[in-house]
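Shown next, in structure tokens, is the structure this report addresses.
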Amino acid sequence: EENAEITLDVSLAYRDDMFDDWEEIAHAVELRKLKCTFGSPKTLDSEGRHYDCDFLPFMEIGSVAHKYYLINIRLPVNERKGINVGIGEIKDIRLVGIHQNGGFTKVWFAMKTFLTPSILIIMVWYWRRITLMTRAPVLLEKVIFALGISMTFINIPVEWFSIGFDWTWMLLFGDIRQGIFYAMLLSFWIIFCGEHMMDQNERNRLSGYWKQVGPIAVGSFCLFIFDMCERGVQLKNPFYSIWTTEVGTELAMAFIIVAGICLCLYFLFLCFMVFQVFRNISGKQSSLPAMSKARRLHYEGLIFRFKFLMLITLACAAMTVIFFIVSQVTEGHWKWGDITIQVNSAFFTGIYGMWNLYVFALMFLYAPSHKNYGEDQSNGDLAVSSGEELQLTTTITHVDGPTEVYKLARKEAQE
């Protein structure tokens with residue numbers, strides 16, 4: 001029949017020895033809507049031909065800590081209640097299993113084990129450089145440090161414990177860790193651009209970015225609620241899927257649409273701010289010819305490094321978007337002839353390593369500088385005027401100022 005529903009009486013059990021009794025993990029009675037097509041006309045001549053049905057979501061478990069698993073599937077029939085009536089004659093059932101293979105697991109565990117101390121070391125070094133300053137940390141430095149903390153939260157190799165413990169919440173925990181990092185990364189980009197906009201009055205205050213950070217918080221909260229409705233329920237019932245009912249599908253789509261709208265608003269804000277930053281910094285380049293040679297070369301290098309960092313940021317964001325699209329479109333690998341390309345594995349490790357390198361480079365390049373590029377380094381060249389000094393340096397007068405790029409950009413509007 002059209003829009004026929006199939007009722008599955010399913011259970012999942014495990015054992016760790018061939019001679020042990022099976023212990024039941026979960027049992028449920030689930031409804032699934034069949035989406036089937038019949039390739040031939042529905043006549044007597046087509047009797048016995050098979051329908052072509054779409055795959056149905058069956059179950060998802062967060063860890064595989066036992067050696068043997070048993071899946072029991074029953075199709076009970078009750079004509080009085082209309083259970084499994086009108087679904088035709090079942091000839092076979094095909095199960096498709098998606099799992100994390102051993103080779104990827106070794107690489108994944110090794111990367112997390114190696115990168116965790118690496119990011120921790122650069123974080124300690126970065127914060128030590130900040131504490132050596134005679135001033136309080138500025139907002140940009142705090143946000144970079146918070147980004148390092150969120151990256152470390154992802155890096156901590158708690159997956160090692162999933163080998164000996166049946167932690168079914170690992171998938172949900174991984175989604176939460178990844179969501180925190182991406183929310184922190186999106187907030188960092190907004191604040192990073194805002195702190196380099198030289199004609200902006202609201203500086204060094206988180207409250208000045210509520211219009212941009214607000215949509216990020218709302219979108220992240222919507223995706224968190226969606227994840228809890230899906231994988232949160234699967235902690236008790238691994239056969240549950242929010243997409244199996246009309247109400248669940250509409251609710252899930254509503255959360256995804258709201259998150260998508262917030263993401264579009266975010267990118268509009270970000271593109272506008274990036275345009276303003278590049279315009280302002282390009283305008284400041286007109287002041288460079290009047291400087292001494294040493295200072296001019298120094299600030300030309302700073303402008304080049306800032307623009308280069310922005311281009312690297314856009315490239316990293318593009319790679320992440322491509323990763324999400326490819327991971328949704330493909331089935332995990334592409335095959336050309338006898339060569340199989342593990343796309344998802346390569347993207348997972350590549351994107352993960354890329355973001356670690358990005359955060360590492362941010363903390364390394366934006367650690368407060370202890371160098372002084374004053375007029376004494378002009379080597380006899382024409383000294384810079386006081387007006388130029390105000391335009392291209394911070395209002396903090398002591399040597400222990402912010403980073404050099406931050407010095408270049410942090411000019412108050414009234415100056």
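Each residue, glycine too, has its Cβ placed from N, Cα and C.
Sequence annotations record features per position, and here TrEMBL assigns domain 'Wntless GOLD' to 2-100. Per TrEMBL, the feature domain 'Wntless-like transmembrane' maps to 101-370. Summarising the annotation, TrEMBL assigns transmembrane segment to 107-127, 139-158, 170-192, 213-233, 253-281, 302-326, 346-367.
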Practice prompt. Using DSSP, break the domain 'Wntless GOLD' (2-100) down into helix, strand and coil residues and give each count.
Written response: 3 helix, 35 strand, 61 coil
Worksheet item: Which residues, given as numbers and ranges, are at least 6 beyond the ends of the transmembrane segment (170-192) yet have a Cβ under 8 Å from it?
Response: 60, 62-63, 139-140, 143-144, 146-147, 150-151, 153-154, 158-159, 162, 206, 209, 212-213, 216-217, 220, 223-224, 227-228, 231-232, 235, 266, 269-270, 273, 313, 355
Practice prompt. Flag the pair the transmembrane segment (107-127) / the transmembrane segment (302-326) as in contact if three or more Cβ pairs fall under 8 Å (sequence separation 6 or more).
Written response: no
Worksheet, complete the sentence: Averaging pLDDT over all residues of the domain 'Wntless GOLD' (2-100) gives 87
